Amino acid sequence: MFGLVIPNGPLGLTLIEKLEDFVSGILLPLFFVISGLKTEINAIDGVGSWAILALVIVLACVGKIAGTVLVTLYYRIPIHEGITLGLLMNAKGLIEMIVINVGKDQKVLDDKSFAIMVVAAVLMTAIIIPFVTLIYKPARKFAPYKRRTVQSTKPDSEFRVLACIHTPRNVPTIINLLEASCPTKKSPICIYALHLVELTGRSSAMLIVHNTRKSGRPALNRTQAQSDHIINAFENFEQHVGSVSVQPLTAISPYSTMHEDICTVAEDKRVAFLIIPFHKQQTVDGGMEITNPNFRTINQNVLANAPCSVGILVDRGLSGSTRLAANQVSHHVAVLFFGGPDDREALSYGLRMREHPGINLTIMRFLPGQSALEEARSGSTRRSNMNDPNVLTIVTDDDKEKQLDEDYVSAFRLRTANDDSVVYIERVVNHGEETVAAIRTIDQSHDLFIVGRGQGTISPLTAGLTDWSECPELGAIGDLLASSDNAAIVSVLVVQQYVGMGHGDHILTPDSPGQQLHEHFNFGYTNNRTQIRGQQPQFHT
């Protein structure tokens, strides 16, 4: 009755906030303690009593499992999911204990019956976790959608992005990056803004889909205040930039499983690109400090399990404002291209940004010199640690990858040949020192670097750069640019292209970037010389 009297609104939520700790932290534990003290285990004496206890447990469990399995079979649901649901239905909680206590207080249950039912409830609840863990493996089947990468996304289709946010501090640079991604009526951007919140205390894990309309209610806690701030920022972005749609979400879960929520949302929303903040943030003196070590674990798990391409954003500020006209926004973006699927994905993202009238794009391609070629031929190219479970490693065919690189760069140069906002530079280097020197020639004149992660492969061009690597999940070049020792204060987007579930065994599938190359560069061009997987690339007018 008290709950019915309280009107819906801030008053009820405020009472919950004030009373929740007292009720859940003191009254509820005391109730279970009193119930335990009232339970006379000694009343369960003799083989017959224990047989009754076992019979109660078996009948209750088997009955619920059997009923659930029959329903799942009728609806053609996998049987292991039916068994899992049946097991979960055996969980006993507060309501069951209240009913049992009422039965004892009303003399309906004697001490023996009360003890049997309490012990049965405890045992039935205790066996659920190990059995569910053994039976149910929450491996999701990928939905049948093809556009899992920026490179394979058609230039005239919707570009779906999942932007992960830990704190409101991540918002400005992510929004400016999305604005620079050039949303147009021909290719609008659909943004899923996912606020990541740690599950603490007695809260339950959940995924909240927000209504973008403001409720006008004040925030009741810090988490809600942050979510409101994030939602307002993205709503403002949506209102002032055309061809953008925003769906705010909040995922509340433990850090250990937060990557599963991220990957699940990415899969359900069929996004092509996932942006997640780096676990370090810039300090006042220009250095980098760790905000939360758990963020790094989340990033590593996302890289290993994401169903789409991933970009780790090292935030050192990205100037710009959604309130300015398009021709007033100015960004100088540099893409460093060494070769491989990740670098092609980085170049694809740069190609999309190049359509923005306020973007000046520089492509610096690194080519191996004579010494590097000799080292590669001698088989001395080093590989990253193949046994590291936190680093996704891809074994690729070098010849095919080089051909894909050549084809993609050639098509890119042909398309941007008459574009004054695009500068293409080639640098011949032999080792890591020359690579660093080449990067430093342009690092002060740009405010964003886009680089490929490398996915475990180390070439002679980056030799020595990983010896003192702090964050191998960024790759050799990404770690170099994100390092506190780097004199240039620029933001970095480290890109990993989605290549399939296997370690290299699905790189060249029918939906791979190699097969979709002609779809991405949609202009009149035919190359009779190059071949991709034995087929002529066709560029339709």
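Keep in mind that glycine also has a Cβ here, set from the backbone N, Cα and C atoms.
Pulled from TrEMBL:
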type	residues	note
DOMAIN	2-131	domain 'Cation/H+ exchanger transmembrane'
DOMAIN	189-326	domain 'Cation/H(+) antiporter central'
DOMAIN	332-500	domain 'Cation/H(+) antiporter C-terminal'
TRANSMEM	22-39	transmembrane segment
TRANSMEM	51-77	transmembrane segment
TRANSMEM	83-102	transmembrane segment
TRANSMEM	114-136	transmembrane segment
Residues of the domain 'Cation/H+ exchanger transmembrane' (2-131) by DSSP state, where helix covers H, G and I:
107 helix, 0 strand, 23 coil
Taken over the domain 'Cation/H(+) antiporter C-terminal' (332-500), the predicted model's pLDDT averages 82
Run through the domain 'Cation/H(+) antiporter central' (189-326) and tell me, per DSSP, how many residues are helix, strand and coil.
48 helix, 41 strand, 49 coil
